[in-house]
């Protein structure tokens, strides 16, 4: 690709190619957030605190690695990155880390399954840290491509919606595969998840990783990164018309912290609900194992609807109105969970609650990502650094919140 920006709205191949570049991350994140606590607490029989600490270790690793990866992604300048693209090079590195570590997280401890749980935590932590570094590399490199591929606010929002649409499809795929595996292998409709289900989760991981690997290969074949001029060491501050020579200038902007607060709050809504809903279904409502796939599936059907709605929203509909709509839908779902617990709720209304939370969370997330792309603007040299800071606040807040809840 030359230095001219591609018209994203007319390039279907680029839209699809870009969208599938995050599928591997999406399927792994779906398993991580939805089933990590379930797998370690209910299948491997770790205590709730130990399972929460493993989640916290992963979130802290991700939080610490994202600013580092973001900074170095912006400054990568070598012969390989010049020809292949610095964002895609980091994406490739992250993909390799994920494939080398994630299968071991959702498996029993190899050669140490009978040792003390605290000893096993060191084994699993090594793979979790490797996975989170790889996940962060893929996420930051993929997000930082948005400002480089689009120079218009509406086009960026459109590309973000396409990206989130593939995220939703990836989650739907994971939940459908999980439902099929749990449904086909279950002895009865009311059977709950237990220690005998370890092999089921292992097979689910192998299936979704295979699809994610193919998607990553297609991404690298179909998307060509825009070449950047590394001699251009100054960025332009369009608010004050002053030169910005280092990333430190971004840290002096109040709007950076405002957007980070919005993004962190959004991720708390989306991720914490994704982690705790399966436990709520199992522990509080006492539903069968297959509900741990069916109800998250309903949640992401709501997300898929939101992704479609976002594409139809006119330019006159502001970011604030978008976010307000999403917040209202998600909040109504959480209030419904708090006040209802009768049989009709367990059988019927829980699906409507899931759709509300999914719809609201998706609109909030797409809007917050669009705000981040707006913050970067034309200063694409610092895009990975900014996205890394956003992800830092998100991962740290979610990890701490989940660990506290699990105590």
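The backbone N, Cα and C atoms fix where each Cβ goes, and this holds for glycine too.
Summarising the annotation, TrEMBL assigns transmembrane segment to 23-44, 89-110, 122-141, 161-182, 203-223, 287-309, 321-339, 351-372, 384-405.
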Select the range from 161-182, 203-223, 321-339 that forms the most Cβ-Cβ pairs under 8 Å with the transmembrane segment (287-309). 161-182
Quick check for me: are there 3+ Cβ pairs below 8 Å between the transmembrane segment (203-223) and the transmembrane segment (89-110), leaving out pairs under 6 residues apart? yes
Under 8 Å Cβ-Cβ from the transmembrane segment (122-141), and at least six residues away from its ends along the same chain, one finds 22, 24-25, 28-29, 40, 54, 57-59, 61-62, 65-66, 69-70, 73, 87-91, 93-98, 100-102, 104-105, 109, 112, 384, 387-388, 391
Near the transmembrane segment (384-405), which residues from the same chain, at least 6 beyond its ends, have a CB less than 8 A from one of its CBs? 37, 52-53, 55-56, 58-60, 62-64, 66-71, 73-74, 87, 90, 136, 139-141, 143-144, 247, 250, 256, 259-261, 263-264, 267-268, 271-272, 275-276, 372, 375-376
Best-packed against the transmembrane segment (161-182), counting Cβ pairs under 8 Å over 23-44, 89-110, 351-372, is stretch 23-44
What residues elsewhere in the chain lie close to the transmembrane segment (351-372), defined as a C-beta under 8 angstroms and at least 6 residues from its ends? 143, 153, 156-157, 160-161, 163-164, 168, 259, 262-263, 266-267, 269-270, 273, 277, 295-296, 298-307, 309-310, 319, 322-323, 325-334, 336-337, 340, 386-387, 390
